[in-house]
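Heads up, the thing below is written out as structure tokens.
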Amino acid sequence: MSLLFSYCLYLSFFFFLLLNVTPSFSTRTVPTIASDTLKKIEAFFYARSDSYAAARKSEYIHHSFTLHGIQHYVYFPEKPRWVRMKPMTLTYAISNDNLINYLSLSDIQHVFKRAFSRWASVIPVSFMEINDYGFADIKIGFYSGDHGDGEPFDGVLGILAHSFSPVSGRLHLDAAERWAVDFRKEKSMVAVDLESVAVHEIGHLLGLGHSLVKEAVMYPSLKPRDRKIDLHLDDIEGVQALYGSNPNYTVSDLSESYISTNVAVDFKSNRPSTWANIILVLIMIFLCMYY
């Protein structure tokens, strides 16, 4: 096999993956399209692939997680967590100075109340909203671009939000996104479900890293117009290993879905069919061989 043919095969395979990968946008890192594609290419050509690619590190956000035994959930280095007198109560506040004009404060408050309650239902920690932003344990706000924490946002899609390990308590959402609290009313095809991202980021605030389980809320990516709000067993086991179990929680609770007024609308990309992509790749290989 000539070097030129090998190179053409490599490019053809890359082209095929690029056309067939599903759009997926990370809540903390750059879009997973490129990283997932490169991982597949590496696995094909070098017979190896890491569990997931590590993004850039910062003083507070760590991506080089260590697997916890044989479980899928992961923690921040040194497993930081909140330590308070029991029963533990953490306060949170939403910044009145950093909101978005098309969602009411009341709607945002209801979303976060539901998101916090999901975690509180499985661990002996309660969450209480207060008005004093400066004294809150957890501080929530919408920000654009470079907003002073060393983790600038990048506009529509890509980085949706980020939060910091305990006990920093900062949860920042990208104000450039089109945030939705009800997909029946929000028609944008790039709309992002606020509650899904809130549940995910609260997991980080509690000390959880990204999960390797795609069904878990701590999985690191979310598609536009997707809704993922129910805690997976992997999420629950991970957070309970840090804080213990809520005495009122039972595993049977997992089978009971939370009631939601939202109806998710699938995001569909306008890309060619798989067979069309295969034909295009074969044409590219043919051209490389004879030209």
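Using the three backbone atoms N, Cα and C, a Cβ is placed for every residue, glycine included.
The annotation in TrEMBL ties H200, H204, M218 to Zn(2+) 2, and of the candidates under consideration, H172, H210, the one tied to the same site is H210. H172 (Zn(2+) 1 binding site) sits 13 Å from D154 (Ca(2+) 3 binding site), taking the CA atoms of both as reference points. The Ca(2+) 3 site is defined by D154, G155, D174, E177, and by the 8 Å test on Cβ atoms against their centroid, the other residues of the chain that qualify are S144, F153, V156, L157, G158, I159, L160, A175, A176. Listed in chain order, the residues near the Zn(2+) 1 site other than H147, D149, H162, H172 are Y143, G148, E151, P152, F153, R170, each with its Cβ within 8 Å of the site Cβ centroid. Least packed by the Cβ count within 10 Å, out of the binding-site residues H147, H162, H172, is H147.
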